[in-house]
Amino acid sequence: MARVRGRKLIKKLKKDEFHPEDNKTHDEPTVSHVNETAGGDNSDVSPNTFFGVLDSGELDYFKKAESTLAIDTFENPDEKYQFINSVIEESKGKELKLATSQISSKLMERIIMESDETQLKTIFKAFNGFYFNLACHKYSSHVLETLLVRGAAQVEKELLTPDFDSVDEGEFVTTESLFLFLTNELQPNLRFMVSHQYASHVLRILILVLSSKTLPSTVQNNSTLRSKKSKIARKMIDIKDNDNYNKIFKTPDSFKVVLRSMLSSIYTSFTHGIPQGSGHFSEISLADVMKFREICVDKIGSPVIQLVIQVEGIFDRDRSYWHLIFKDSDEKDPKEESFVEYLLSDAVGSHFLQNVIASTRIKYVERLYRLYMKDRIPKLAKRDTTAAFVLQSLLKVLNSKEVKEIMDELVPDLSVLLNSNMDFGTEIIDASIRHDNYLRDEIIEQLMKKYYPRESSDKNILESCLQLSSSTLGNTRDDWPTAEERRKSLFLEKLIDYDDCFLNSTIDSMLNLPAERLLQMPYHGVFSHVVEHVLQVKRVAIIKRKLLLNVLCKDIVNLSCNAYGSHIVDKLWTFTAKLAMYKERIATALCADSEKVKNSVYGRQVWKNWSLELFVRKRYDWKKIVKEQELEMFPDSKPLQPKTFKRPNNNNNSDVSPSFKKSKFQKK
């Protein structure tokens, strides 16, 4: 069929193209942002309200208080409680100044994390009426996030173990009701918070708390809670998460009601009052759909919409937010096609699509795959910074038939795809395992072709996968290892677990290294895990076990006293099974330098794991433990060298076995 040409067609295609606005502003709200019922006439207050600054004396006091809490040298919990109480008492009337100050906001976060129920409620009440202002501020937004997480833990505590004594004392306000005051105050400005640089983070935490989802860490690299800059800053100021993070808290039914109201409010703010539900989808204007799609690819608003799509199924069976973005028809839509193409080629858009398809119904994902991605899988796979991640997500969520279709397209070019995206290898291996080892042999062939080609004379999987020669191996600086080395190391460990050929290739590559170079690996924070991972006694041949042990035994004492190497020495306890000579050689070397080993915190653990006290004092009992280990690991094994009979004496000049020699009483 000839290609369709013409100016009208080009004009139509340009009209259907998705072009998000580049100069979007996130400065001022377009609606009243403080609920009048939250206290006072605050409807005309700007979200960037200035609450004043502390004088020099107050600033010095609060800086010293922050340092005291950071050092945490209190003799007992009661002393710490009294100190926090005195700081809270001193800060009365100055809470808003403290929260919006770059220096003293750290103090507020520490106090919130260390406070008890009464102190926490005091802070909630101090912020009442100004939650929206605090959410929109660079520093106080972090304080508010910490307050929400700590408050979630307190709500669960009140729910599971209600305290009736506080009612008798006149204190009857629960943390649940304080949360409801907060959400009521933020309700009129939820649309603005979605795309605000700081308030969006507060909104995400609030949605996670109300929906009883896991509250992620604020400092981990893979945390979805804060931006990269925020996580780095949090590490620099040395505020560690307490036990309230990386947990799911039970919440009352009122939280679900509030969350439903919040999601409905956000939805109607984007659709000009049209309510949720499949019966109203046709009433939404195209302009509103396009505006919402722009929020989906906005670097600030996109994470919020991802989270909303993740939790909307709790209340809305029609998935109104999903259908505000994507259609439900079986036919292609030009504008939707343009939008999906933008998602597949944009960094923010591909991240959005990757996450939402992992949290919605499979039939919606299948529709997008069938209409817009199925016919061009190889081309999309080459977009290694965008669409490639979407394909990896599809491999996880689609049904078996579609996954096999994708694998049929990707596996023949896997060795090439790995050049730019190592994660493809991991996802394809996992997909193969989930679907009865589909294309297993072809995958292994492609991986070997990439990392250990048979025809190459200088093949080395450590070099091809880990780039060992240009790595930080052997460096003594504090900034190693790198994140990239960690990724490569984890991938090689994945290959080792996948098939024995990768295990043997890794061991062969290690043995081809100079002994000094190989002995550097156990001291490396990342590559030591690779060495530890190959020490699998049941999968490695005896001869290769001996060759590895010959190298590792050269520096066994120093290894046992090292943070990383000690794990390898522990692993050698099982790796030397049925190799009693090597086991005794290691034990003897450690005992010969027992003072050095016992003076090291890591060495003491090795000493304990190897039962070296028994080796020194009761050698027979130690050998009994060794024998029991061998029988447990190899119950059906035979001795490595079968017992042989004594050879007959050659001086007899006879070819007959001694057992068959004639007796002197036998007849000749």
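Positions of Cβ are set from backbone N, Cα and C atoms, glycine also.
Swiss-Prot annotations:
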{"type": "COMPBIAS", "residues": "1-13", "note": "compositional bias 'Basic residues'"}
{"type": "REGION", "residues": "1-42", "note": "region 'Disordered'"}
{"type": "REGION", "residues": "637-668", "note": "region 'Disordered'"}
{"type": "REPEAT", "residues": "90-125", "note": "repeat 'Pumilio 1'"}
{"type": "REPEAT", "residues": "126-161", "note": "repeat 'Pumilio 2'"}
{"type": "REPEAT", "residues": "185-220", "note": "repeat 'Pumilio 3'"}
{"type": "REPEAT", "residues": "285-327", "note": "repeat 'Pumilio 4'"}
{"type": "REPEAT", "residues": "513-550", "note": "repeat 'Pumilio 7'"}
{"type": "REPEAT", "residues": "551-588", "note": "repeat 'Pumilio 8'"}
Check your understanding: Cβ under 8 Å to the repeat 'Pumilio 7' (513-550), counting only same-chain residues 6 or more beyond its ends: which ones?
Key -> 462, 466, 468, 471-474, 480-481, 485-486, 489, 492-493, 496-497, 500, 503-504, 506-507, 559, 562, 564-565, 567-568, 571-572, 574-579, 582, 633, 640
Check your understanding: Which numbers of helix, strand and coil residues does DSSP report for the repeat 'Pumilio 3' (185-220)?
Key -> 22 helix, 1 strand, 13 coil
Review point. Where does the mean pLDDT land for the repeat 'Pumilio 7' (513-550)?
Key: 95
Review point. When DSSP states are grouped into helix, strand and coil, how many residues of the repeat 'Pumilio 2' (126-161) land in each?
Key: 28 helix, 0 strand, 8 coil
